[in-house]
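Features of the protein shown, as given by Swiss-Prot:
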BINDING   HIS70, HIS110, GLU146  Zn(2+) 1 binding site
BINDING   GLU146, ASP180, HIS217, GLU262  Zn(2+) 2 binding site
BINDING   HIS183, ASP230, HIS232  Zn(2+) 3 binding site
Amino acid sequence: MSKFVGAHVSASGGVFNAVENAQKIGAKAFALFTKNQRQWSAKEFDSETIDKFKTALEKSGILPRHVLPHDSYLINLGHPELDAREKSLDAFLDEVQRCSLLGLDRLNFHPGSHLKKISEDECLANISESMNRVLDKTSGVSLVIENTAGQGSNLGWKFEHLAQIIDKVEDKSRVGVCIDTCHMFSAGYDIRTREAYDKSWGEFDKIVGFKYLMGMHINDSKAKFGSHVDRHNSLGVGEIGLDTFKFIMNDERMDDIPLILETIDDSIWAQEIRLLYSFVN
């Protein structure tokens, strides 16, 4: 079995609790926030917290590369204003260092927003520059850009945006992408039928490249196709439907990366994980 499915679990009470929460739902991968995602700063990890996390992870059998930490929602590496961008950069740097302390090798983030104050190209260049600065100051952690639904002034919804960011990143060995199925669908890439799925992923491969795929968010969508609205749903009850998730579970291009549920009903995550594994031919 080369698929590693889990969910974005709570780290409330300490990051080490995320491991237990992942195990409770039968996950082989998980995502977490390493700090409160709605605050700029957090107290530093003490050595006890780090040790407890690493010990719990080792006991769980979940590999560090199948853990996909997510950064704070406040961070905007493409911010049009320098002061605000620097504040985001400092917070992002701290998040990367937190991952490093926990022995994790990737950090998932939303690329950024132009806030209708600068052009898309300027915003994308800001994101790449911010990434370069963080990569210079850190080691061992890859920066994983998430595709977005394109809601508001958020960039990253087009594969070309992701490619443009990567193009200007100097150390391409430490950059990756995370594709969210809900965002992909809402951004206008159809994945509902075998033909549409193959076409959309073919575009992804041509424009970005599968070598950069370091994680996925597995979500159905409440919003209609191409609506640019980001509303997740439980698997099979949204606009995408179950076939897409069958395709993914049998697509070897998605092997050995964290496949993370962010579906809206956490009480059925264990069932959704079992469902996904039942799709494997």
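Glycine is treated like the rest: Cβ placed from N, Cα and C.
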Inset, instruction - Run through the Cβ atoms and count how many others sit within 10 Å of the one on HIS232 (Zn(2+) 3 binding site). - result: 22
Inset, instruction - Using all protein chains in view, find how many other C-beta atoms are within 10 Å of the C-beta of HIS110 (Zn(2+) 1 binding site). - result: 24
Inset, instruction - Whole-number Å only: compute the distance from the Cα of HIS217 (Zn(2+) 2 binding site) to the Cα of HIS232 (Zn(2+) 3 binding site). - result: 10
Inset, instruction - Can you grab the distance from GLU146 (Zn(2+) 1 binding site) over to ASP180 (Zn(2+) 2 binding site)? Cα atoms, rounded to a whole Å. - result: 7
Inset, instruction - Might you list, by sequence position, any residue in that chain lying six or more from ASP180 (Zn(2+) 2 binding site) with a Cβ less than 8 Å away from its Cβ? - result: GLU146, ASN147, THR148, ALA149, MET216, HIS217, ASN219, GLU262
Legend entry - Least surrounded among the binding-site residues, given as HIS70, HIS183, HIS217, when other CB atoms within 10 Å are counted: HIS70
Inset, instruction - May I ask for the distance between HIS232 (Zn(2+) 3 binding site) and HIS110 (Zn(2+) 1 binding site), taken between their Cα atoms and rounded to an integer number of Å? - result: 16
Legend entry - The one of GLU146, ASP230, GLU262 whose CB sees the fewest other CB atoms within 10 Å, among these binding-site residues: GLU262
